[in-house]
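Read through the structure below, which is laid out as C-alpha coordinates, and then see the notes.
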Ligand SMILES: O=C(O)CCCC[C@@H]1SC[C@@H]2NC(=O)N[C@@H]21
(Lines of atoms letter the chains of each structure in order from A and count residues from 1; the text may use other names and numbers.)
(Lines give C-alpha, C1' and ligand atoms only; values in the text may rest on other atoms or scores of the structure.)
Protein backbone atom coordinates (compact mmCIF):
# COMPACT_ATOMS: atom_id res chain seq x y z
CA UNK A 1 0.00 0.00 0.00
CA UNK A 2 1.36 3.43 -0.93
CA UNK A 3 -0.17 5.32 2.00
CA UNK A 4 -0.82 3.46 5.24
CA UNK A 5 -4.04 3.47 7.24
CA UNK A 6 -3.69 3.93 10.99
CA UNK A 7 -5.56 1.96 13.65
CA UNK A 8 -6.44 3.29 17.11
CA UNK A 9 -3.31 1.68 18.57
CA UNK A 10 -1.23 3.50 15.97
CA UNK A 11 -2.75 6.82 16.97
CA UNK A 12 -1.74 6.10 20.58
CA UNK A 13 1.83 5.33 19.50
CA UNK A 14 1.96 8.48 17.39
CA UNK A 15 0.77 10.62 20.29
CA UNK A 16 3.31 8.98 22.62
CA UNK A 17 6.17 9.88 20.29
CA UNK A 18 4.88 13.43 19.81
CA UNK A 19 4.95 13.64 23.63
CA UNK A 20 8.50 12.22 23.70
CA UNK A 21 9.53 14.99 21.30
CA UNK A 22 8.09 17.53 23.74
CA UNK A 23 9.89 15.92 26.72
CA UNK A 24 13.21 16.00 24.85
CA UNK A 25 12.77 19.76 24.56
CA UNK A 26 12.62 20.21 28.34
CA UNK A 27 16.42 20.18 29.00
CA UNK A 28 16.54 23.35 26.91
CA UNK A 29 18.52 24.64 23.96
CA UNK A 30 22.24 25.27 23.66
CA UNK A 31 23.52 27.79 21.15
CA UNK A 32 27.27 27.75 20.50
CA UNK A 33 29.33 30.48 18.79
CA UNK A 34 26.28 32.73 18.50
CA UNK A 35 24.59 30.30 16.11
CA UNK A 36 21.08 30.95 14.84
CA UNK A 37 19.98 27.32 15.30
CA UNK A 38 20.13 25.59 18.70
CA UNK A 39 21.63 22.25 19.66
CA UNK A 40 18.72 20.21 20.98
CA UNK A 41 17.91 16.65 22.04
CA UNK A 42 14.77 16.85 19.91
CA UNK A 43 16.70 15.80 16.80
CA UNK A 44 17.10 12.44 18.56
CA UNK A 45 13.32 12.26 18.96
CA UNK A 46 12.94 12.29 15.18
CA UNK A 47 15.46 9.41 14.93
CA UNK A 48 13.62 7.38 17.57
CA UNK A 49 10.19 8.04 16.07
CA UNK A 50 11.25 6.71 12.66
CA UNK A 51 13.20 3.77 14.10
CA UNK A 52 10.44 2.56 16.42
CA UNK A 53 7.25 3.56 14.61
CA UNK A 54 8.44 3.09 11.03
CA UNK A 55 8.26 5.63 8.21
CA UNK A 56 4.57 6.65 8.13
CA UNK A 57 3.77 6.61 11.82
CA UNK A 58 7.18 8.09 12.69
CA UNK A 59 6.78 11.01 10.27
CA UNK A 60 3.17 11.53 11.42
CA UNK A 61 4.24 11.79 15.07
CA UNK A 62 6.66 14.57 14.12
CA UNK A 63 3.90 16.32 12.12
CA UNK A 64 1.58 16.14 15.16
CA UNK A 65 4.35 17.64 17.32
CA UNK A 66 4.95 20.41 14.77
CA UNK A 67 1.24 21.21 14.37
CA UNK A 68 0.97 21.65 18.15
CA UNK A 69 4.08 23.83 18.07
CA UNK A 70 2.66 25.88 15.18
CA UNK A 71 -0.55 26.32 17.17
CA UNK A 72 1.49 28.10 19.83
CA UNK A 73 2.39 25.46 22.40
CA UNK A 74 5.93 26.13 23.69
CA UNK A 75 7.19 22.65 22.81
CA UNK A 76 10.51 23.44 21.16
CA UNK A 77 13.63 23.47 23.31
CA UNK A 78 13.81 26.64 25.35
CA UNK A 79 10.01 26.84 25.46
CA UNK A 80 9.55 28.20 21.93
CA UNK A 81 6.53 27.77 19.69
CA UNK A 82 4.18 29.60 17.35
CA UNK A 83 4.12 30.28 13.63
CA UNK A 84 7.28 32.41 13.78
CA UNK A 85 9.66 29.48 14.21
CA UNK A 86 8.45 28.08 10.89
CA UNK A 87 9.85 31.06 9.04
CA UNK A 88 12.97 31.36 11.19
CA UNK A 89 16.51 30.01 10.69
CA UNK A 90 15.60 26.53 11.98
CA UNK A 91 12.48 26.11 9.77
CA UNK A 92 14.27 23.75 7.38
CA UNK A 93 15.44 21.53 10.21
CA UNK A 94 11.86 21.24 11.47
CA UNK A 95 10.73 20.11 8.01
CA UNK A 96 13.81 17.89 7.90
CA UNK A 97 12.67 16.07 11.04
CA UNK A 98 9.53 14.91 9.19
CA UNK A 99 11.32 13.59 6.11
CA UNK A 100 14.22 12.42 8.28
CA UNK A 101 11.95 10.30 10.52
CA UNK A 102 10.42 8.82 7.37
CA UNK A 103 13.83 7.90 5.92
CA UNK A 104 15.00 6.45 9.27
CA UNK A 105 11.90 4.24 9.26
CA UNK A 106 12.42 3.10 5.66
CA UNK A 107 16.01 2.07 6.39
CA UNK A 108 15.38 0.46 9.80
CA UNK A 109 12.33 -1.46 8.50
CA UNK A 110 13.87 -2.18 5.09
CA UNK A 111 11.41 -4.46 3.27
CA UNK A 112 9.57 -5.31 6.48
CA UNK A 113 12.65 -6.68 8.23
CA UNK A 114 13.04 -6.43 12.01
CA UNK A 115 15.41 -3.80 13.37
CA UNK A 116 19.09 -4.73 13.67
CA UNK A 117 21.68 -2.45 15.22
CA UNK A 118 23.63 -1.60 12.07
CA UNK A 119 20.56 -0.71 10.00
CA UNK A 120 19.23 1.35 12.90
CA UNK A 121 22.53 3.26 13.16
CA UNK A 122 22.66 3.70 9.37
CA UNK A 123 19.04 4.88 9.31
CA UNK A 124 19.70 7.44 12.05
CA UNK A 125 22.84 8.65 10.26
CA UNK A 126 21.17 9.03 6.87
CA UNK A 127 17.65 10.08 7.94
CA UNK A 128 18.37 11.71 11.27
CA UNK A 129 21.45 13.62 10.17
CA UNK A 130 22.06 13.76 6.37
CA UNK A 131 18.42 14.35 5.39
CA UNK A 132 17.81 16.84 8.23
CA UNK A 133 20.97 18.82 7.34
CA UNK A 134 20.20 18.63 3.58
CA UNK A 135 16.96 20.54 4.16
CA UNK A 136 17.95 22.54 7.23
CA UNK A 137 21.25 24.06 6.10
CA UNK A 138 20.08 25.62 2.78
CA UNK A 139 16.95 27.04 4.44
CA UNK A 140 19.10 28.44 7.26
CA UNK A 141 21.41 30.05 4.67
CA UNK A 142 18.43 31.56 2.82
CA UNK A 143 16.76 32.91 5.98
CA UNK A 144 19.95 34.34 7.52
CA UNK A 145 21.32 35.59 4.17
CA UNK A 146 24.62 33.89 4.99
CA UNK A 147 26.57 32.20 2.14
CA UNK A 148 25.82 28.47 1.91
CA UNK A 149 29.48 27.55 2.51
CA UNK A 150 29.63 29.52 5.73
CA UNK A 151 26.34 28.01 6.87
CA UNK A 152 27.66 24.50 6.17
CA UNK A 153 30.72 25.30 8.30
CA UNK A 154 28.53 26.65 11.11
CA UNK A 155 26.43 23.46 11.02
CA UNK A 156 29.54 21.37 11.80
CA UNK A 157 28.94 22.32 15.44
CA UNK A 158 25.95 19.93 15.41
CA UNK A 159 27.90 16.90 14.18
CA UNK A 160 29.54 15.59 17.41
CA UNK A 161 26.31 15.80 19.40
CA UNK A 162 24.21 14.33 16.61
CA UNK A 163 26.65 11.40 16.28
CA UNK A 164 26.18 10.73 20.01
CA UNK A 165 22.41 10.89 19.47
CA UNK A 166 22.74 8.27 16.68
CA UNK A 167 24.55 5.97 19.12
CA UNK A 168 22.02 6.58 21.90
CA UNK A 169 19.00 6.21 19.59
CA UNK A 170 20.43 2.91 18.29
CA UNK A 171 20.97 1.56 21.83
CA UNK A 172 17.47 2.63 22.95
CA UNK A 173 15.83 1.21 19.81
CA UNK A 174 17.56 -2.17 20.12
CA UNK A 175 16.84 -2.36 23.87
CA UNK A 176 13.15 -1.58 23.24
CA UNK A 177 13.04 -4.14 20.43
CA UNK A 178 14.33 -6.83 22.81
CA UNK A 179 12.18 -5.79 25.78
CA UNK A 180 8.93 -4.82 24.08
CA UNK A 181 8.78 -5.72 20.37
CA UNK A 182 5.04 -4.91 20.28
CA UNK A 183 5.98 -1.23 20.34
CA UNK A 184 7.23 -1.70 16.78
CA UNK A 185 4.15 -3.52 15.42
CA UNK A 186 5.89 -4.92 12.34
CA UNK A 187 3.38 -5.84 9.63
O1 LIG B 1 14.24 24.29 18.04
C2 LIG B 1 14.28 24.62 16.86
O3 LIG B 1 14.05 25.75 16.46
C4 LIG B 1 14.69 23.59 15.82
C5 LIG B 1 16.06 23.18 16.09
C6 LIG B 1 16.70 22.41 14.96
C7 LIG B 1 18.03 21.93 15.45
C8 LIG B 1 18.86 21.24 14.41
S9 LIG B 1 18.29 19.60 14.11
C10 LIG B 1 19.84 19.04 13.54
C11 LIG B 1 20.88 19.78 14.33
N12 LIG B 1 21.18 19.10 15.56
C13 LIG B 1 20.94 19.87 16.61
O14 LIG B 1 21.14 19.50 17.79
N15 LIG B 1 20.47 21.05 16.23
C16 LIG B 1 20.32 21.12 14.80
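A Cβ is built for glycine as well, from the same backbone N, Cα and C atoms used for every other residue.
The transmembrane segment annotation in TrEMBL covers 12-34, 46-71, 91-110, 122-143, 163-180.
Same-chain neighbours of the transmembrane segment (122-143): 36-37, 43-44, 46-47, 50-51, 87-93, 95-97, 99-108, 150-152, 155, 158-159, 162-163, 165-166, 169-170, counting only residues six or more beyond its ends whose CB sits under 8 Å from a CB of the stretch. If you look at the transmembrane segment (12-34), the same-chain residues 6 or more away from its ends with a CB under 8 A from one of its CBs are 6, 40-42, 44-46, 48-49, 52-53, 57-58, 60-62, 64-65, 68, 73, 75-80, 154, 157, 183, 185.
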